[in-house]
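Shown next, in structure tokens, is the structure this report addresses.
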Ligand code: URA
């Protein structure tokens, strides 16, 4: 995992396995089935990295040999929150890794006039004492991610209890994000070059939702 000189809270997960899978996802020739599978696999590998600092508590257990105090993660104290719809493809990988985690949903659509995100669904678990992993494959303009974190704040989740995970990020989006929520770490597999005039990430991988669900 490496950090970026211009963005102190951006962590790039440059593990070769993650990078290899991401390169396949970027290819225009990759099928929906493979894209979906790879997104899940990458999310799982990213999840392994971003949970490195999770606190553990100690439980009394019996091995076949003796009693011991064994470290365990409080899975029920974690929440995975996909931003719909493409975030759900990443959430699948994290849930496989942390099956006891609670799952929330934040649904946003883009207003055709203002191009700003509009919230249409919020379902969250109890927030008290919980760490929230917010996921969206593409951190493009940063507006959806900021809106989703504003929503979490409104429901009582502090920035210090949030981590944001994106497959690919654009510098423009990272800046918007970090100006709004400097204390929320961003984890991504790739920091790309820029946004184009339609706010797609370049080189990116196209529309993540369409590629994940086979729509257009
Ligand atoms: N959303 C996507 O799905 N792809 C992009 O490149 C930008 C936003």
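Heads up, the Cβ atoms here are built off N, Cα and C, so glycines get one too.
Per TrEMBL, 5-phospho-alpha-D-ribose 1-diphosphate binding site is recorded for 85, 110, 136, 137, 138, 139, 140, 141, 142, 143, 144, 207. Taking Cβ-Cβ distances under 8 Å and a sequence gap of 6 or more within the same chain, the neighbours of residue 85 (5-phospho-alpha-D-ribose 1-diphosphate binding site) are 107, 209, 212, 213.
The uracil binding site annotation in TrEMBL covers 201, 206, 207, 208. With a 10 A radius on its CB, residue 206 (uracil binding site) counts 15 other CB atoms from all the protein chains. According to its DSSP assignment, residue 206 (uracil binding site) is coil.
Taken from TrEMBL, the feature domain 'Phosphoribosyltransferase' covers 13-215.
Counting neighbouring Cβ atoms within 10 Å of each of the binding-site residues (136, 207), the lowest count belongs to 207. Only 140, in sequence order, out of the binding-site residues 136, 140, 142 have a CB under 6 Å from ligand 1. Counted within 10 Å of its Cβ, the other Cβ atoms near residue 138 (5-phospho-alpha-D-ribose 1-diphosphate binding site) come to 27, all protein chains included.
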